[in-house]
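Student: Dropping a structure here in structure tokens format, bear with me for questions.
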Amino acid sequence: MAKAKFERTKPHVNIGTIGHIDHGKTTLTAAITRVLHDKFPELNKASAFDQIDKAPEERQRGITISIAHVEYQTEARHYAHVDCPGHADYIKNMITGAAQMDGAILVVAATDGPMPQTKEHVILARQVGVPYIVVALNKADMVEDEELLELVEMEVRELLSSYEFPGDDVPVVRVSALKALEGDAEWGDKLMELMDAVDTAIPEPERAIDQPFLMPIEDVFTITGRGTVVTGRIERGVLNVNQEVEVVGIKPTSTKTTVTSIEMFNKMLDTGQAGDNAALLLRGLKRDDVERGQVVVKPGSITPHTEFEGQAYILSKDEGGRHTPFYNNYRPQFYFRTTDVTGVVSLPEGTEMVMPGDNTEMKVDLIQPIAMEEGLKFAIREGGRTVGAGRVVKILK
């Protein structure tokens with residue numbers, strides 16, 4: 001059979017399964033691939049459960065995470081789906097954004113209802129900005145009592161509402177991942193119903209190219225007679241020659257300038273877009289006016305800040321992290337995009353210290369401003385060695 005070619009025509013969405021241990025996240029992931037394979041064989045191959053469960057370890061910024069990646073297609077969309085076998089892997093993945101999610105399938109066993117990790121994953125989803133959730137009420141074949149199913153559904157909705165998800169409107173679909181995986185037609189249909197809910201309740205993400213222009217500066221140099229050139233990889237948006245931009249971060253004030261030329265691989269271009277490695281010639285700026293760590297952006301689209309609340313995972317000793325805990329007023333470097341800035345950490349009330357391998361909330365006060373928005377990722381470093389990773393949850397100043 002000819003290999004199905006990757007069609008660019010379909011919208012692409014990143015999702016993942018979250019929820020308490022043994023509630024059936026991995027079984028559900030395998031069942032989705034099986035049911036979609038049976039329904040659209042030319043679009044999908046089935047993934048075996050044990051392949052997903054024995055997820056290969058990945059190292060992202062020094063953090064070891066087991067993540068299984070599967071892909072599949074519904075009629076409407078192409079999905080990349082992540083599933084993590086261990087609870088610690090989920091926490092690390094969600095905080096560090098190793099695999100970004102546009103939405104999540106929250107798996108809750110109808111036999112148990114919401115459990116501690118269910119709640120923990122929902123809290124994390126809220127904090128790290130997983131924007132949409134669809135609920136799979138799994139093992140529904142094992143609960144005879146309709147009232148009990150309704151009760152569990154109500155509990156899940158209340159849990160979601162208490163963390164600012166629209167609990168009353170979130171789709172809750174009763175499924176049996178195991179039965180569907182075994183090929184039971186009726187439960188297979190319920191799984192299709194779940195995927196229809198995912199298709200409709202998780203909106204298509206805004207593509208990087210449609211967002212406001214942003215390029216982190218990696219390098220700065222002068223071309224005699226022409227001016228100052230900055231290089232970097234365009235993170236989002238589109239830039240045209242002669243467009244006005246703003247240089248933001250590190251320095252106390254932002255600077256507006258015009259891009260008079262865009263080059264890629266030594267060729268002059270009219271435009272640059274998300275994903276391009278580009279060199280931009282900036283009008284009227286001296287070599288000392290710009291530096292690595294700043295960003296070139298669409299004017300007014302992002303602002304510099306020094307204080308934020310973050311959620312971070314601190315590497316364990318085995319991952320090459322610290323061997324000892326840290327305390328209030330810890331002063332590491334925070335690495336944003338292309339540069340390190342020193343920051344002072346304040347721990348939440350009641351937290352005396354943070355151990356290697358923990359995840360924690362923290363308030364950070366940076367000594368220089370960084371172009372920042374909620375969701376921005378950072379690494380925590382000591383002398384160039386990564387000891388943690390996290391993201392901005394809320395900007396304070």
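Quick reminder: no glycine exception, Cβ is built from N, Cα and C everywhere.
Under the heading GTP binding site, Swiss-Prot lists 19-26, 83-87, 138-141, citing sequence analysis as support. According to Swiss-Prot, the feature Mg(2+) binding site maps to T26. The feature domain 'tr-type G' is assigned by Swiss-Prot to 10-206. As annotated by Swiss-Prot, region 'G1' applies to 19-26. If you look up Swiss-Prot, you'll see 62-66 marked as region 'G2'. Per Swiss-Prot, the feature region 'G3' maps to 83-86. Taken from Swiss-Prot, the feature region 'G4' covers 138-141, and the record attributes it to similarity to another entry.
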Student: Cα distance, T26 (Mg(2+) binding site) to H87 (GTP binding site), nearest Å?
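Tutor: For H87 (GTP binding site) versus T26 (Mg(2+) binding site), the Cα atoms are 12 Å apart.
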Student: Of all the binding-site residues given, C84, A140, which has the fewest Cβ neighbours within 10 Å once its own Cβ is left out?
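Tutor: Relative to the other binding-site residues in C84, A140, A140 has the fewest Cβ atoms within 10 Å.
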Student: Other than its own, how many Cβ atoms are within 10 Å of the Cβ belonging to D22 (GTP binding site)?
Tutor: 13
Student: Highest Cβ count within 10 Å among the binding-site residues K25, H87: which residue is it?
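Tutor: For the binding-site residues K25, H87, the Cβ with the most other Cβ atoms within 10 Å is K25.
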Student: Whose Cβ, among the binding-site residues G19, T26, has more other Cβ atoms within 10 Å than any of the rest?
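Tutor: When each Cβ's neighbours within 10 Å are tallied, G19 leads.
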Student: Count up the helix, strand and coil residues in the region 'G3' (83-86) according to DSSP, in that order.
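Tutor: Computed counts for the region 'G3' (83-86) are 0 helix, 1 strand, 3 coil.
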